[in-house]
């Protein structure tokens, strides 16, 4: 009986068609595995026979209850069983645990008791995933002219549709931006190193990466870096200090050598005298 009722109602909807097909559907944004509400406003002076919620086929057929009684859901598409509910006051459709397959065009057809006409409202549902934190990959090379060319690639896992990439740079106290997942830039070591942040967004989320400074990616030991005045001053002071230490050490070494030489000679002479005395032996009595 239930299957027969479902088939008859479906044929009836196809035969009637929809009024208001020329109206633009209401855009509705949903989040994957979360819930969405398709609101429905019905004039208070209209008596309702039944309401049909459709997506590809019928999702649910709702018959208002008598005074003080809840509405009766006469049929539910098996794909939505356990995931849909109807508002008692407005007959709006609530869908939980959204999937990618739920995206598309929905129609609410309100069939009136007073006439054969009906009120129709359309919705275009788009389902998106909340974005994860983006990751930046850096590739760099040094040209013959001494310029570091850098390519930054911003990526996220399971991005989905309608994702926007924006690069933000704070340099010289000004904020600049660049659109696209790949940013190409150049930098000469010795200049102030720029830093970048990738911001990704879709209709349901907005998240930024950690800030990346490109200075560390061009730190090549063989690169002809432009030394700063402070660096030159520190190096000069270090060399002067080293030279002073070497000079003092050499002077001390020479002074010690000149002081110890006569003493060593005297010791040698004393040793020779002792040896001669030992060879001559004791004096006879």
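One-based numbering along the chain as shown.
Here the Cβ of each residue, glycine as well, is placed from N, Cα and C on the backbone.
Owing to the predicted nature of the structure, the values given are computational and were not obtained by experimental measurement.
Feature annotations, reproduced from Swiss-Prot:
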type: SIGNAL; residues: 1-17; note: signal peptide
type: TOPO_DOM; residues: 18-232; note: topological domain 'Extracellular'
type: DOMAIN; residues: 25-126; note: domain 'Ig-like V-type'
type: CARBOHYD; residues: 37; note: N-linked glycosylation site
type: CARBOHYD; residues: 97; note: N-linked glycosylation site
type: DOMAIN; residues: 134-213; note: domain 'Ig-like C2-type'
type: CARBOHYD; residues: 141; note: N-linked glycosylation site
type: CARBOHYD; residues: 149; note: N-linked glycosylation site
type: DISULFID; residues: 154-198; note: disulfide bond
type: CARBOHYD; residues: 175; note: N-linked glycosylation site
type: CARBOHYD; residues: 206; note: N-linked glycosylation site
type: TRANSMEM; residues: 233-253; note: transmembrane segment
Are there any residues in the same chain, six or more apart in sequence, whose C-beta is under 8 angstroms from the C-beta of residue 206 (N-linked glycosylation site), and if so which?
131, 199, 200
Using residue 141 (N-linked glycosylation site) as the reference point, find which of the recorded positions 37, 97, 149, 154, 198 has the shortest Cα-to-Cα distance to it.
149
Which residue, out of the disulfide-bonded residues 154, 198, shows the minimum number of other Cβ atoms inside 10 Å of its Cβ in this structure?
154
Given the model, what does the mean pLDDT over the domain 'Ig-like C2-type' (134-213) come out as?
84
Looking at the recorded positions 37, 149, 154, 198, whose Cα is closest in space to that of residue 97 (N-linked glycosylation site)?
37
Can you count the other CB atoms that lie within 10 A of the CB of residue 149 (N-linked glycosylation site)?
14
